[in-house]
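If you look up TrEMBL, you'll see 63-223 marked as domain 'Glycosyltransferase RgtA/B/C/D-like'. Marked as transmembrane segment by TrEMBL: 25-45, 176-195, 207-225, 253-273, 285-301, 307-326.
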Amino acid sequence: MRRTATAESGPRSIPSRPPFAHLPVWSAVVMIGLLLTVLAPRYGYHRDELYFRMLTPAWNYVDQPPFTPWLVRTMSSLVADEVWAIRTPATLCLAGSVLVIAAITREVGGNAAAQTISAWGYTFGALPLTMGHVMLTASVDLVVWPLTALFVIRALRRDDPRWWLATGALIGLSTYNKLLIIYLVAALLIGIAALGPRRVLRSPWMWGAAALAVLIALPNLIYQVSHDWPQLAMGAALSGNNGDDVRVKTVPFLALLLGPPLIPIWVAGLVALARWPQWRELRGLVVAFPMVVVFTVIGGAQVHYPLGILAVVYAIGAVPTADWIGREFASAARW
C-alpha cells in the first residue's frame, strides 16, 4: 500500500489493486453478449417493450422518466423496428454490468480468481439474465447501481475525492431513467452515518456531489413538482396493486435474484465486510444492503429492487470465496 497525507484526515493508506483479469472477464462479457444477441428475437415482445415503442419522445411521462422509452423508440426508428433491435441496449447493459461487477471485485482487492468468480457467476444470475434479454427500465439499472457503488467505493478507498463528483453526476443522470436511485443513495448515507467513515459526510466534495446531482436532475424534478409528483402517484398505484405480495416475498426473493447457487458468495461478502479490518471503510454496506430491502418492503412496488445492491455485495463476496477455494486447493495438494 502507498501512504499519502490529506489535510482532512492525515496520513492514509491507499490500497493496492491487483491487475484486471482481462481474459476471464472479457470472455464472460463476449459470451453473454453473443448469447443474448442470438436469443434476442425469441419469446416476442414484452408488454413494457410494446409500451415504450409506442411512446412519442417527451421530456417526461406520467408513469416514468424519459430515457428508456426514448432509447427504445430510437432503436426502433434508426436501427430496425424489430424485437432484436429494441433489446440490443439491454444486452449491452448486462455486458457492461459484468465489467462493473468485476471492477468492484478488483477494487476491493480481488485477484484474477476472484474476478473470474465475480464475472462468470453474475453473468448467469437469474435476474441479470432476464433483464439483459428484455428491454426494461430495470435493464439500465443493471449498470447504474453497481457503477454508483463502484464510484463510492473508489471515493472511500482511494485518496481522490473527485470520485464523489463522478458519483453525483451519475446519480443525477440516472434520475432520467428511474427515480429508484434514491433508495440506493439513502441506504448508502444511512450506512456511512451508522458505521462510517463519517468524515466523508463533512467533506465539501460530498456536498459538491449532492449539489451536482440535484443540478443535473433539476429539469426532471421541475417536471415532477409542476405535475404534482406523478411518479409518487405511480409508485402508490404499484404499491396498492402489488404491496401485499411484495411485502411478503421481498426477503425470500433475495435467494432468487442471482440464484440459490450464489447465495454463499454474497453472504460471505456481508460477513467479510462486517469482520475484515481492511474493509472497515466499506462497512456501511452492511447497513445499506438491508436498508434497501426495508425500503422495498415499505414501498411495496417490485420485489427485484434490491438486485443492484445485492450484486455489489456479491462482487465483494467473490474475494473471500476465492480465498477459501485457494486454501482448499492448497490443503488438498498438501494432502
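Yeah, the Cβs are placed from backbone N, Cα and C, and that goes for glycine too.
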Positions on the same chain near the transmembrane segment (176-195), where near means CB under 8 A and six or more residues out: 64-68, 137-138, 140-141, 144-145, 148-149, 152, 201, 217, 220, 231, 283-289, 291-292, 295-296, 299, 305, 308-309
Contact call for the transmembrane segment (253-273) against the transmembrane segment (285-301), three or more Cβ pairs under 8 Å: yes
Beyond the flanks of the transmembrane segment (285-301) by at least 6 residues, Cβ under 8 Å: 149, 183-184, 186-188, 190-191, 194-195, 235, 238-239, 242-244, 246-247, 250-251, 254, 270, 273-274, 308-310, 312-313, 316
Averaged pLDDT score, the domain 'Glycosyltransferase RgtA/B/C/D-like' (63-223): 96
